[in-house]
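The structure under discussion appears below in the form of structure tokens.
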Amino acid sequence: MEVTSIRNGIIIDHVPAGTALKVLQYLRIDPTSTKLALIMNTDSKQYGSKDIIKIEDAGDLNLDVLGFIARQATIDIVRGGKIVRKEKPNLPEHMVNVITCKNPRCVTTTERGIDQMFHLVHSERQEYRCDYCDEEAKL
Amino acid sequence: MSEHSTQLPTSGVPQDTEPSMVGKSVVTLDDLTTSQIVDLLHKAQYIETHRHEVAHTCDGRVLATLFYEPSTRTRLSFETAMLRLGGHVIGFAGAQLSSVTKGESIADTVKTVSNLVDVIAMRHPKEGAALVAARAAKDFGIPVINAGDGGHMHPTQTLADLATITSRYGRITGLTIGLCGDLTFGRTVHSLVETLCRFGNVNFVLISPDELKMPRYVIDRIKRAPSCTYTEVRDLAAVIGDLDVLYMTRVQKERFFNEDDYLRLRDTYILDEAKLQRAKPDMAVLHPLPRVNEISVDVDHDPRAAYFEQVHNGMLMRMALESSVVGDTLPGYEEWKNQEVHA
């Protein structure tokens, strides 16, 4: 499968197969107004299958969230049609307004105007908990 | 609180560099250093034996008790604490009596009240509500004390528990502490375990049915404390003879979504005189109250029953905490503490 390369932007490779749309959602990328290419469920030597996201003019994306939703992903920074840098996402220590707390008893379900905030409590298990109620984060 | 000589841990941050508690909100006990907790325990001991001296410590101060859900002990305890220090109390007891019925947010209520009072104690059914309140009050320099936020945290109950263990044993370390009943939803046991782990050297015995076991994050906390150990068991009678402290909990109906589950598990663990005969003669029985039937009434007369002492100790600890966060010095306390340390 061939997709035209991008000039300036990022390629998010090794996205878990079938999750690219969800990754776009968590990166707060609007597919209706962003120049991007999605390759889903393509072959991967390392993982069997994977998704790839190519974004032209990526701007100021908060890629920290990738550490939480797509830990295995790699990020290629493209400038002038060439990959100038490769990055692996880190687990962010703190996430603000990335995911919402699923605990129905959490104050975030009723209080207006407060941020959804989670903190990393266990890096090996990639476990995050709500700043308010300490409920474990779930995608 | 008895006048038991204490061996409270004094390690940690030296007293003269101890950060101030003035203006500090207490959402969880993690907001306080271990040295500050020990200082509060000392202050409670001082208050108990120097009631007259401390009776005007908070003259002119006003405490707001914002209680969005029913409470008997906790609200009365917070209010009595301030009254016994010479201060005054305003507030509401029930969301139906507040502007929440008009749709006001917690943050707006707290910002409003922060312009009226010196300290706020808040109970709310939503977990994390105290953190929202503390952040809202921060701009006004008003401390918020969490008086219970749903099934999440109840730090002053833990302070009462620590004070009661101290009054019985003179220490909070080097003990085997059993926690029995609802260990999943019981916020008081989570907070107590996590706080004791900060002091270390405690052997926990976690007694519960499989459905109500201690959450993983609390177990992880015990594992991270190198001098603490734990075992998980189902049978209270089998382990009661090993315990220095038995902390009983109520299986709370309001924490269940399903009434059938509540009814099935409610009577699983009941402490009565027959079980108590197997216990050590100096074991202390604690309970955050209110109880339903998990402690038989005949246990009340046993000298090992310490749960009504907890209520008293809770008030002393709240007196210590309220005076500390508003910045009022207990007259004579520093001199007393120095004498105690040097004695």
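The backbone N, Cα and C atoms fix where each Cβ goes, glycine too.
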Please state which member of B:ARG51, B:ARG123, B:ARG264 TrEMBL lists alongside B:ARG73, B:THR74, B:HIS154, B:GLN157, B:LEU289, B:PRO290 for binding carbamoyl phosphate.
B:ARG123
Please tell me which one of the binding-site residues listed here (B:LYS102, B:ARG187, B:ARG250) sits closest to B:HIS154 (carbamoyl phosphate binding site), measuring Cα to Cα?
B:ARG187
Can you grab the distance from B:GLN157 (carbamoyl phosphate binding site) over to B:ARG187 (L-aspartate binding site)? Cα atoms, rounded to a whole Å.
10
Where DSSP helix means H, G or I and strand means E or B, what are the helix, strand and coil counts for the domain 'Aspartate/ornithine carbamoyltransferase Asp/Orn-binding' (B:174-321)?
66 helix, 27 strand, 55 coil
Recorded carbamoyl phosphate binding residues, B:ARG73, B:THR74, B:ARG123, B:HIS154, B:GLN157, B:LEU289, B:PRO290 - maximal Cα separation rounded to whole Å:
16
Collapsed DSSP category at B:ARG123 (carbamoyl phosphate binding site):
strand
Counting by DSSP secondary structure, give me helix, strand and coil numbers for the domain 'Aspartate/ornithine carbamoyltransferase carbamoyl-P binding' (B:24-166).
73 helix, 26 strand, 44 coil
Quick check on the binding-site residues: of B:ARG123, B:HIS154, whose CB has the lowest count of neighbouring CB atoms inside 10 Å?
B:ARG123
